[in-house]
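Trainee: This is the structure, below, for whatever I ask next.
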2 protein chains.
Amino acid sequence: SLQEVCKSRAVAMPTVSRVAVCGGTHGNELAGIYLVREMLKKRADGTEPVSVVTVMSNSRAAQLCVRYVETDLNRCFTRAASSGAAGSDTSPYEMIRSQELNALLGPKASAQAVDLLCDLHNTTANTGLCLITYSDHDWICLHICKHLQAPMHKPMEIGPQPHGVVRSAIFSAMQEGVQLMMDWICQFNSGRFSATNPCRNLFAVCFHGLRNIDYPRDSETHVITAAVHPDLQDRDFCLLHPGDPMFLCFSGETLRYRGKEALYPFFINEGAYYEKGVALSLARKRRVQIPSVRSETLR
Amino acid sequence: SLQEVCKSRAVAMPTVSRVAVCGGTHGNELAGIYLVREMLKKRADGTEPVSVVTVMSNSRAAQLCVRYVETDLNRCFTRAASSGAAGSDTSPYEMIRSQELNALLGPKASAQAVDLLCDLHNTTANTGLCLITYSDHDWICLHICKHLQAPMHKPMEIGPQPHGVVRSAIFSAMQEGVQLMMDWICQFNSGRFSATNPCRNLFAVCFHGLRNIDYPRDSETHVITAAVHPDLQDRDFCLLHPGDPMFLCFSGETLRYRGKEALYPFFINEGAYYEKGVALSLARKRRVQIPSVRSETLR
């Protein structure tokens, strides 16, 4: 039967039996923080189909409602840092915390590590609900991405969320996204798939980040001299053509995109990236084929 | 003639000869900070019709891109604080700075003080361009408010601006607002008024703040348990009726406005007010009659 053919073609993948959901990796990104707090209220009773570890990643920064206390925790998870070699009494709080998290959820790339880690972030950019993965062969992540898109046909115009603010619609979208992820994992583990996840091959639209563009700055003071142009602001993942307006100087001058290739901007005007020298990132759009997957171990 | 009648009815007010424009009173409200930086680049050449003092109020906080370093500067301008009695080596930076500003622009309520001070702020709430004054008899301020509304017939849907972010459209609106204020002052001082400022009496719609409403909080931890309801978010200055949704708990429950009087919410979900226990403020709408004004001293 067709079903048999599909089954035989599906890529066998290990069961996703341990999942981590982390919030507050940046302590002023409030939707993830309140979602994790809400999840922590619900005690596991052992009947859950999947074991979920819920973690407040940087509770000290969350307490103070700042991105980080000493250094950006999300830049501490390199192997070198996690190995413990860099740890000492004088290490920044976040460096020590990254090692604690690695011990709790990892060690990274080891057999004991959780099978899937979902780290919840917010941005002041108008990205909608956006999944970031570091490989276009991460079939599980890409399947989850497709599963999240299914009930959300319209672009999620939920607007940007300021840091230090929680907007109810963004909290709800994030909550729904985590629930849909868990639903997909349960279906995958059980070997059953719904009609929304047919056995034929799927395609996912991905954006492959190429480079960052900084704000125009004063050559002496390094103070920014322009803001993202109003025509570009909030148009994350919309094609930017050579010659399109990119910045509007505070003096009134328009600066245009000088690249030779039309590309897709994202993380446009993210508040936390001013200090990192990033006004926006540019990506190439790709259509990635995702094979059907089946769990190796049926329950 | 009709002109003569109008002139005789106009209230005589002192000329507005010294104006202060301040930005960065809160160091992460970037539109005002970049506008003041831009204004400071343009050196006065002595031919200006009005003397403008441009001030970066809290440059240390602006440098760090935080609201304040030790305490909220905008809560330091009480007479007691400005008198110098509270100043000492151990005083918070902002307390000392408030006394410096009072010496520069005041002393408050003295004859040497500037005639008008325009302090530029940003909010994460969807207020549009919004003027705050502390008296409904401040005819100069109310006339300026009317003058700003004239070319902006449509509600200014420029959206909320996150702290630590500058959005070009909001920068431009603020710049235009300051320019219109200066135009009005020049016309007032010169004794001439344009057709947009007729000699008949005017009415201004004002919102008189009555009380603040805090987020629902956990009685033990004081952590918030709800966000502003999606139906209320971004609807600053839109009438809120008894029974209308006000908060959506993270647990899913809707909490409604329990007041007896329909009122106008503003500063809805302002990021800096979480720590102040303010989810929104409620105001009564008033129609204030503004008499025609004429400058006492014609140039």
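Backbone N, Cα and C atoms are what each Cβ position is placed from, and that goes for glycine too.
As listed in TrEMBL for this protein:
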DOMAIN    A:17-147  domain 'Succinylglutamate desuccinylase/Aspartoacylase catalytic'
BINDING   A:HIS26, A:GLU29, A:HIS121  Zn(2+) binding site
ACT_SITE  A:GLU157  active site, proton donor/acceptor
DOMAIN    A:206-285  domain 'AstE/AspA barrel-sandwich hybrid'
Trainee: Could you please provide the mean pLDDT value for the domain 'AstE/AspA barrel-sandwich hybrid' (A:206-285)?
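Mentor: Averaging the confidence scores along the domain 'AstE/AspA barrel-sandwich hybrid' (A:206-285) gives 97.
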Trainee: Out of A:HIS26, A:HIS121, which of these binding-site residues shows the lowest number of other CB atoms within 10 Å of its CB?
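Mentor: Counting other Cβ atoms within 10 Å of each of the binding-site residues A:HIS26, A:HIS121, the minimum falls on A:HIS121.
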Trainee: Near A:GLU29 (Zn(2+) binding site), which residues of its own chain have a C-beta under 8 A away, given they sit six or more steps off in sequence?
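Mentor: For A:GLU29 (Zn(2+) binding site), the qualifying residues are A:GLY23, A:ARG67, A:LEU120, A:HIS121, A:ASN122, A:THR123, A:HIS163.
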